[in-house]
């Protein structure tokens, strides 16, 4: 069973939508940033400060290679995962890419008080617009995109469910049996 991979800019709701979608589909949920934090033993913000963005992106790429195999997961990715074409190819090999988007002002309202966003320093509103401009078109790799600023969480999940059903991504009797996140294979760096 293919993974359902949520992509989009920070603050578009990937984790919230992913968690809800996983519960409805009775599939394991994996947040790539949380998994990288678990493996590194420190928060993303500290990885960026102490080890640099290059190290974080390297860990992210390694995780994407592990996700190239369909495992029936719902995966919330970090906002910059699509900047590496190899990540996109690996994620697409194992699943269907669903995009989440929102207006810059909606994103600002969602992330402005969060201290855990390493790419948001200084004028947060301006930085969001700058990053969105830099990433213009990067999220177009999604097969289907929902504007989470225009829809409630339940409506967003419902629209994704409709798309998955229409495209045949939801197979009868393919729900996760264990309910936990399957062990990802160890891939040599």
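Cβ coordinates are placed from backbone N, Cα and C, and glycine is handled just like the others.
Site annotation (Swiss-Prot): substrate is bound by 33, 57, 135, and the candidate from 13, 72, 79 recorded at this site is 79. Reported as a whole number, the C-alpha separation between residue 135 (substrate binding site) and residue 13 (ATP binding site) equals 17 Å. Of all Cβ atoms in the protein chains displayed, 27 besides its own lie within 10 Å of the Cβ of residue 12 (ATP binding site). Nearest in space to residue 14 (ATP binding site), taking C-alpha to C-alpha distance over the binding-site residues 33, 57, 79, is 79.
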